[in-house]
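Here TrEMBL flags 66-88, 164-182, 261-285, 305-328, 340-360, 497-521, 563-584 as transmembrane segment. Here TrEMBL flags 383-493 as domain 'TMC'.
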Amino acid sequence: RDCQQADTKYLSGWKQWKRTSSKSLKKVLSEVKELSSYLELWRHDIRSIEGKFGTGIQSYFSFLRFLVLLNFIIFILMFSFVTLPTIISEYGIFNSSFAKIPPKNTEPHCTVYKPSGNKGLVYFYTYLKDLLSGTGFLEVTSLFYGYYTIDAAWLSVLRYNLPLAYLLATFAYLALSLLWIIKRSGEGFKQNLVHAEDQFQSYCNKVFAGWDFCITDPNAAQLKHRSLQYELQTDLEEERLKRKIADRTMKEKLRIYSLRIFINIIAIAVLSGCFYSIYIATVFSQENSNDVSNTNFQANLLVQYLPSMVITLANFIAPQIFSFLIRFEDYSPAFEIRLTLMRCVFVRLANIGVLLFSLWSQISYCATDKCKACGYNYELYPCWESEVGQEMYKLMIFDFIIILAVTLFVDFPRKLLVTHCSCKPVQWCGLQEFGISDNVLEIVYGQTICWIGTFFSPLLPAIATIKYFIIFYVKKISLMHTRKPAARPIRASSSNFFFLVVLLIGLVLAFIPLGISIAHIPSSKACGPFRSFNTSWAVVPDTILGFPTGLQQVLHGIASEAFAVPFFMVICLIMFYFIALAGAHKRVVEQLREQLVMVRCDPIF
C-alpha cells in the first residue's frame, strides 16, 4: 500500500482521478451487490432449507424461485405492451382512442362472435364454474385473446400497432426464456463437467470431498451418510455391471436385447393408450361442453374438465408403469434413473401436445363451403384462440388444485397415521419421500402450459406467478412436516443442470404449437387483434410494406437464400472452430491429469 501511495504522487492529475474513481465505483458496486442480496426473494427460507436438508433439495426451491421471477417478468412484458395500451385506449385515458377496422374479403358469417358472458341475475355456482373453467364473465375480460379486438391505439398523436406489438411481445417472452435458461444451464453444465471424471477420481471425491458442510441438522447429517453410502454402492454396482456386460455371451446378449425391445413396445403401447384417451376425452369435452344444461353444475364442470383429469391420470399412471418395467431391462442404477425420468418427461409434455392436436383437429374440421370460406370451424369455434386459452387455463388451475389436494388430503393424513398409529403396515409404509425429480417434472409441466397459453391468454403468467408463489410455501411445509427427504438424493450441480435441461425441452416443445398457431392456422375473423389478417404472422409482411423502399429491399435481402446460405456456412465454420477448441482444451486437461499422477509418483522414487 505504501508503494502504491508513493507511486500515486508521480501520476498525473487525470490518472490519479481515474484510479480514485475506479476504486470508489468498485466499492459502490460491492455495497449495492451486498444490499441486493438482502432483497433476494426467499433468501432466508432457502438457506434454512439448505442447512437442514443439504444442497440437493435447496436446488429445487431455488429453481422454483427462478420460475416465479421468470413468470413475473413475462407478465410485466405482456401487460405493458398488450394489456395496458388496450385498456388505456378503450377508456380514453391520456387523450387516447382506438380504431377497429372490419376484416376485408371476409364472409359476414365468419365475423359473428357472441361471448357467453353472464347477463342479469345468475346463480352463485355459475360464477364458480366460470372461475374454474374460464367461461362466462371471464371470457370477455382481458385474461383471454378475444378481448383484444383492436387494430390500432392512438395515444395523443402516436399510433400504436397492437397486432404487431402482440406478436413481438410473444417472440420477446419466448426469446427471454430461452436466453435466461441457456445462461443458467451453462453454469450448471460447467459444474457437471467437473464431476464427469473417471471412477477413481469419483471415489476420491466422495471420500475426501463428499461431505456437505451446509448441513447442521442431525437427521439431515444421517441422511447424508446414507446418501454417500448409496453412491459408493451405486459405483460398485456399476462396476459389477460393466464386468457382467463384458462377460456376456451372444445368447445372453440376444436375450437381454429382445427383452428390452419387448419392454419398449409395452412402453410405446402405454403411451399410445394415454394419447388416445386424451384425444377421445378432448373431442367429447368440446362436443358436449355446450350441450350440458347450465343448471346441472357438476355435470357441466366435469365435462369441461374431462381432458385435464385424463391428462393428470395419465401423468400419474404412466410413470408407475415405467418404474416397474425398468427393473427388468438390466441397466445400471444411474442410467435407470435417467431413462425413467426422460420417459416421464416425454409423457407429461407429449400429453399437452396431444391435447392441442385434438383441439386443432376440431378447429380445422370443415364439412361445408361456409366453413371453408372462414378456414376454420366457425360454428363451434367463432374465437378459437380464446377456446385454446381456456383449455390452458383449466390445465393450470386443475394442476394447482391437484398439488394442494395431495398435500392436504394425502400427505397430512399419512403423517398423522405414521405418528399416532403403531400398526406394522402403517409404520412399514412410513412417510412419503420428497422426490426432487418428481416435483421438478410437476412444475416444468405447469411452466410449459404457461408458455403455450400466454399467446392465447396474455395474463396467464400472472396466474402462474401466484401459483408458484403459493406452491413454494406448500412444498416447504410439506418437506418440513409431512414428508421425508429421498433416500437417493441427487447432487446439486447435476440436479441444477438436469432441471434446466428438462425446462429447455418444455420450452422447445412450446415453440412447435405456437409456431403452427401463428404461421399456419387461419386466425379468427370475429375476435382478436389479427382479425384483418389471414394468419397472425401476416402482420409482419404487412408492416414491412409500410417501410421506406430502401429498408424493404434490405429486409428482403436478409430473408433471401443469397444471404441465408453464406450466413449458414459462416455459422458452421464458427461452430467447427469452437468444437476443435473444446477438443484441444480436453486434451490439455488430460495431459495435466497425467502430469499430476506423475508428480504424485515422483516421491516414491
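Using N, Cα and C of the backbone, Cβ positions are placed for all residues, glycine too.
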Do you know the DSSP helix, strand and coil residue counts for the domain 'TMC' (383-493)?
86 helix, 6 strand, 19 coil
Distant-in-sequence neighbours of the transmembrane segment (497-521), which means Cβ under 8 A and at least six residues beyond its ends:
59-60, 63, 167, 170, 174, 177-178, 181-182, 184-185, 188-189, 191-192, 341, 345, 349, 352-353, 356, 360, 363-364, 376, 384-385, 388, 437, 440-441, 444-445, 447-448, 451-452, 455-456, 490, 535-537
At least three Cβ pairs under 8 Å linking the transmembrane segment (305-328) and the transmembrane segment (261-285), pairs spaced 6 or more in sequence?
yes
